[in-house]
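Participant: Just dropping this structure here.
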């Protein structure tokens, strides 16, 4: 179905809020499966029967960590060997059920799981409903249907639990594209991807909070250092602010990814330290601006992996080839945290100091208004010239040498 368009996440959330079933698919390089999803508060016999009839997979009940703790739903096994670490608990039936297997009795069990008065002793173990514990942080931590189910219920303003069921084709294999698309159209069912849900959360959830603000005299001039912490990961970042940002318009700004070797050691294997110095100098001269110092060492792969990549580069690989050889993308960085930091600082539009087109696109995707790109001009040296040429040729960086 070449003309097929996925639903808007907002429409999927509204359908969940109304008690409807939606269809959600994950990445092609993961399970590459579609699941039916609905909220546990609407685990009606009709919804369960639909899942059993058309999905034919295992009907599970994704729940938050809080619900699992409240009801003493413990992991099914001590050592999880599932390919995707799906967090099954011991299966359960509510004590008011008989065999527990009918759509009506599975409905009772699922709805009792989200009953405010429910307690651990209300459930028999084992049973016919299979709770799955979602990771804290949801699809931003694990891109699974378990997390998607709980995230969608939360975004719909409902209890943090739901139902999910894999969809099999008539021949018993897992239904994939384009058959999933055809099914969604035939049943007028909202259909989204987990990637869409991730992007929605990055744009709409508050994922970073400001902790402190202090004066920061530097060799470039006096700045104000604003500390931030990511809500999910606890990762810490800093914004160095110069001048008055009250109107928030056309602020000279840079996102600088942490580079211990370049920023602190003065390494000549990269131009990071030079770029940081140039940006600080330009903002000081301007009298107004922001540098976000993000903890994204080694284009997001971390310090040790960056040094491992250097080892591979010493053996003949370039910076892109080395990252890929270690199992990473050429650039693992994302900029939604930076965009939220700018927003919390009151920045509305920026003149971005960068040579990297991915930063421009990453910030634009988060709704930040970039009115101009200001180049960072540094002189290459004999140790980083090949590295810079690779970034120019393979990653599209905009250099003038």
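Counting starts with 1 at the first residue shown.
The backbone N, Cα and C atoms fix where each Cβ goes, and this holds for glycine too.
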Participant: Which of 274, 275, 285, 340 shares the GTP site with 254, 255, 256, 257, 258, 297, 298, 299, 319, 354, 359 per Swiss-Prot?
Facilitator: 275
Participant: Around the recorded Zn(2+) site, report the further residues of that chain (criterion: Cβ within 8 Å of the mean position of the Cβ atoms of 259, 270, 272; site residues excluded), sequence-ordered.
Facilitator: 257, 261, 262, 263, 267, 269, 271, 273, 275
Participant: Round to the nearest Å and give the CA-to-CA distance linking residue 354 (GTP binding site) with residue 272 (Zn(2+) binding site).
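Facilitator: That separation, Cα to Cα, works out to 11 Å.
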Participant: State the count of C-beta atoms found within 10 angstroms of the C-beta of residue 299 (GTP binding site), not counting that atom itself.
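Facilitator: For residue 299 (GTP binding site), the count of other Cβ atoms within 10 Å is 24.
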Participant: Using Cα coordinates, what distance in whole Å links residue 145 (D-ribulose 5-phosphate binding site) and residue 270 (Zn(2+) binding site)?
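Facilitator: Distance (Cα to Cα, whole Å): 40 Å.
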Participant: Three states by DSSP: which one describes residue 270 (Zn(2+) binding site)?
Facilitator: coil
